[in-house]
Amino acid sequence: MARTMAEKVWEEHVVRRAEGEPDLLYIDLHLIHEVTSPQAFEGLRLANRKLRRPDLTIATEDHNVPTENIFLPIADPVSRTQVETLRKNAAEFGVRLHPMGDIDQGIVHVIGPQLGLTQPGMTIVCGDSHTSTHGAFGALAFGIGTSQVEHVMATQTLPMTPFKTMAVNVEGKLKPGVTAKDIILAVIAQIGTGGGQGHVIEYRGEAIRSLSMEARMTICNMSIEAGARAGMIAPDQTTFDYLKGRPHAPKGELWDQAVEYWKTLPTDEGAVFDKEVFLNADELSPFVTWGTNPGQGVPLDSVVPDPESFTDPVERAAAEKALAYMDLKPGTRMRDIKIDTVFLGSCTNGRIEDLRAAAEVLKGRKVADGVRMLVVPGSQRVKQQAAAEGLDEIFKAAGAEWREAGCSMCLGMNPDTLKPGERSASTSNRNFEGRQGKGGRTHLVSPLVAAATAVRGTLSSPADL
């Protein structure tokens with residue numbers, strides 16, 4: 001029987017199946033950070049249990065960490081306690097930890113692929129929504145809650161009910177200036193933030209196959225914003241070339257065996273998806289959000305929509321509420337919206353290719369007066385690589401702030417936040433009310449749009465410069 005890639009990976013990991021019960025899945029890699037792990041470790045301690053597979057568990061500090069003055073004590077007491085608790089727990093339970101200042105520290109969904117820990121055909125979990133990022137390698141990767149984190153720590157398994165499958169087919173070729181971020185924002189605008197609910201989305205088609213691994217990670221990262229549990233892209237030569245030689249990738253004969261297995265993972269000819277969606281890459285242009293959820297997006301050359309244009313009363317009410325919060329009027333040209341802060345970073349767009357793309361736009365230019373730009377590498381390795389290429393000097397010469405690795409302004413859990421009423425163009429993944437700080441207003445954009453916006457001071461693309 002023809003199977004989808006998600007079905008193949010799922011079946012390979014079922015260790016127990018009983019009628020009327022969820023499947024019990026084996027977990028190949030467990031990623032942890034300081035925010036969702038403390039209660040899980042405490043649960044192990046109270047039950048007098050050991051961590052079952054420390055060798056399949058890796059921890060980093062990312063959500064709460066400051067991105068400057070990283071060797072000073074963390075000012076916020078809650079953040080400081082969470083980081084200190086992770087260090088204590090990692091030492092007690094034998095977990096490999098990459099703390100602030102470590103060369104391999106960074107956002108958990110950046111360092112996993114970077115180290116070669118993320119591989120095709122794996123099951124990967126983390127107490128974090130954007131674990132779907134790792135699906136770019138053909139892994140089944142999804143976020144879990146704190147009680148599930150403890151279950152994986154104790155047993156290296158997880159009881160799960162099989163997901164439905166959805167294919168998002170993106171054919172054609174992207175025009176210059178249009179990126180993976182624009183694809184995924186267009187997908188979410190088309191199917192809505194609940195369109196993928198209960199599904200694993202497999203991204204397919206010519207436009208997807210032509211993307212780099214880092215671009216594929218951007219797309220899979222935001223599957224959650226489409227309501228899906230996970231996102232996947234079939235492994236191919238691009239995947240193998242990215243992984244080969246990385247610290248945890250198989251070596252020698254084991255590499256050859258791994259590649260042979262990975263080649264069996266793509267969806268079989270004739271396999272049936274529960275749902276299919278189609279987009280034409282030729283027709284896509286830079287995309288930006290105007291509202292307070294990632295599905296409220298339009299092409300940059302469009303205008304803020306009128307709530308009355310929505311036939312669904314729920315969507316109409318959501319649009320009215322969003323425009324009130326964002327302080328926008330229907331019919332306003334997106335390019336006329338002034339921006340106070342530009343954030344380049346996050347597990348969506350904080351990798352070396354993202355920094356290169358933005359630096360190319362900023363080279364020889366200046367950040368506009370009155371605009372603050374934060375450039376936050378997704379990991380210390382990314383920061384090191386950017387410095388080796390001179391990208392840091394380009395950012396600093398343009399007037400941007402060059403920071404240490406971390407989640408930063410993606411979420412208001414660290415010192416990098418918006419003030420009430422401030423408006424940002426952000427390469428992150430969520431634009432909810434208060435996401436980047438209480439009263440902050442967020443427009444989701446690609447790195448290219450972020451850089452051009454920093455120069456012009458209004459939402460812009462490089463074509464506007």
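Glycine is treated like the rest: Cβ placed from N, Cα and C.
Here is what Swiss-Prot says about this protein:
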BINDING   CYS347, CYS407, CYS410  [4Fe-4S] cluster binding site
REGION    417-443  region 'Disordered'
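Here the features listed in Swiss-Prot are placed on the structure.
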residue	record	Cβ within 10 Å
CYS347	[4Fe-4S] cluster binding site	29
CYS407	[4Fe-4S] cluster binding site	31
CYS410	[4Fe-4S] cluster binding site	29
Conformational class of CYS407 ([4Fe-4S] cluster binding site) under the three-state DSSP mapping: coil
Where CYS347 ([4Fe-4S] cluster binding site) sits in the secondary structure, as DSSP reduces it to three classes: helix
Residue counts (helix, strand, coil, in that order) that DSSP gives for the region 'Disordered' (417-443): 0 helix, 7 strand, 20 coil
Residues within 8 Å of the CYS347, CYS407, CYS410 Cβ centre (excluding the [4Fe-4S] cluster site residues themselves): ASP62, HIS63, ILE107, HIS109, HIS130, GLY345, SER346, THR348, GLY350, GLY378, GLY406, SER408, LEU411, SER428, ASN429
